[in-house]
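Visitor: Sharing a structure, written as structure tokens. Questions coming.
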Amino acid sequence: MTPNMRQVRIDKSFHSLFFLSALVSTFAVATIAIFIFIEGLPALQSVGVGNFVTGSSWNPPGYFGILPMISGSLLSTAGAIAIGVPMGLLTAVFLAEIAPERVAHTLRTAIELLAGIPSVIYGFFGLVVIVPLIEQVFNIPAGNTTLAGIIVLAIMILPTVITLSETSLRAVPHTYREGSLALGASQIFTIFKVIIPAARSGILTGVILGIARAIGETMAIIMVMGNAPMIAGLLEPSRTLTANIALEMSYASGLHANALYATGIVLFIFIMLLNSALLYLNRKKVSK
Amino acid sequence: MKKTILSTLGAIGIAATLVGCGGAETQSSQSISISGSTSVTELMEVLGETFQGSHPDVVVEVQGTGSSAGIRAANDGTSQIGMSSRSVADGELSEGVKKITLAHDGIAVVVNNSNTVTNMTTDQISAIYKGEITNWNEVGGSDSPIVVVTRDPASGTRGAFEDIMSLKMKTEDGKKISAISASAQVAAGNGAVKTTVAQNNYAIGYISLGSVDNSLKALSVNGVEATPANISSGDYGVARPFELMFKSDDQSEASHAYLDWMLTDEAQQIVKEKGYISVI
């Protein structure tokens, strides 16, 4: 066979390989969605979607209301974002714009290491360091609180936020900086008024992925948040949607198990809303 | 490239065939299928391995699926033997299903080492878990809040604890639910309860007696110390049996031999070594 024909064949086989990969990934998402919906629907039917989502009492097999878990997930995620995103963004600005390359390199390596630490280690750190600290600072009997979860989550989302923000800050063309500085703007003004807005879509991606990580985190949260199924308060124990599934799935049967899958459906919808938000925000930027 | 794909497909094919063979092989040898309580599983695995040592042709398959699932499996016959870490009422078993008690396990009510309380009544413990008593000075301790630590709702240890401490209530439509206060902290497993209580001066929790060590303190209940001797004699009431259920007519020879062996000295010695209370 001629070299040219060989080339065409290799090309074609690669095309099908790519197509196959894409197909498998999409298929995996679809299967997971179908699976949790089939398993969770009996609970939604028996309890009622309204009662399930707005019920404030979780006491299987009598009461299945996941409002406490929704409030726990939302409060802990919002708190983690409120602390983690500004901190991550400022770190990224420092690494991309201000720090000398040697310093930036060392710091970046350390931050990347942070991403590789298993979540159970974060949970353990939270349990032995943050929980007792909260007990002392706020003078409360038990430090296993939503606040402990927020602090652990804020640390856990840092690598995602920093890495993605830094990459997009570095991708801003040099002419933007030079133009701004040439007009007499200070470095800080240039960073906040020119570079960050220009890198917005990448930073937003980092933030949304950070939120997704915070909302999906399970192990560390179970260890530090106390897991009491009641409406979340900052200095009280609370349970997240993921913790609810992980804590009870091992023994649950019947309607109880279905209710845990239904918790998964709610979580799934949360993640889909997040991704839609990301698509919407990034599209808006492009059309400007 | 194509070669790579082909060889990958080939590998998958071979793997699938091998998996298929594995399944068939297990079925053809004498296997004993056991499922149920996760608390009993740990002990059962050790017993199974020891038994296989002297009976090389027997395979003991143990699965931890929870006490309720174990009772159901024994009734349906999906497993030859079901395990439960709480006492099983006769009404829960269908015709022809028998039960034996393999061992007893005490549940220790534990507090932090710094706590001055050493004894409580079942009524006091029950009131603490219901959220009616919230300060240690109401039960003879210092003036400090009580941090209640419990297990997840479907845990066998929690189920047994709720039964013994009268911590069950009924909903309007007759479903039995837990009466433990929703504000109690929920720990995922014996170990997590232990860590929380060992670290928190105000905490109270309950764990399997075998897990108690000097990082925390087990309380006497109604004036009786939590010791294996007091559990065997029945004086310490916060204990639960490990029960096995099986259809007596439908057991294989291997399964019969295994059930008989579990009540011998050799097996019961393992029960003791693992920190549980033997039945002979």
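Cβ atoms here come from the backbone N, Cα and C positions, even for glycine.
In case it's useful when we look at the structure, here is the feature table from TrEMBL:
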DOMAIN    A:70-278  domain 'ABC transmembrane type-1'
TRANSMEM  A:16-38  transmembrane segment
TRANSMEM  A:66-99  transmembrane segment
TRANSMEM  A:111-134  transmembrane segment
TRANSMEM  A:146-164  transmembrane segment
TRANSMEM  A:203-225  transmembrane segment
TRANSMEM  A:259-281  transmembrane segment
Visitor: With an 8 Å cut-off on Cβ pairs and a sequence gap of 6 or more, do the transmembrane segment (A:146-164) and the transmembrane segment (A:66-99) reach 3 or more such pairs?
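Guide: Yes, the stretches contact each other.
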Visitor: For the transmembrane segment (A:66-99), give me same-chain residues lying six or more residues beyond its boundaries with a C-beta closer than 8 angstroms to one of its C-beta atoms, as numbers and ranges.
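Guide: Non-local partners: 52-56, 58, 107-108, 111, 146-147, 149-151, 153-158, 160-162, 165-166, 169-170, 187, 191, 195-196, 203, 206-207, 210-211, 214-215, 221, 225, 229-232, 234, 238-244, 262-263, 266-267, 270.
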Visitor: Residues of the same chain, at least six outside the transmembrane segment (A:259-281), with any C-beta under 8 angstroms of its C-beta?
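Guide: Contacts with the transmembrane segment (A:259-281): 33, 36-37, 39-41, 43-44, 47, 52-53, 60, 64, 66, 69-70, 73, 201, 204-205, 208, 211-212, 215-216, 241-242, 244-245, 248-249, 252.
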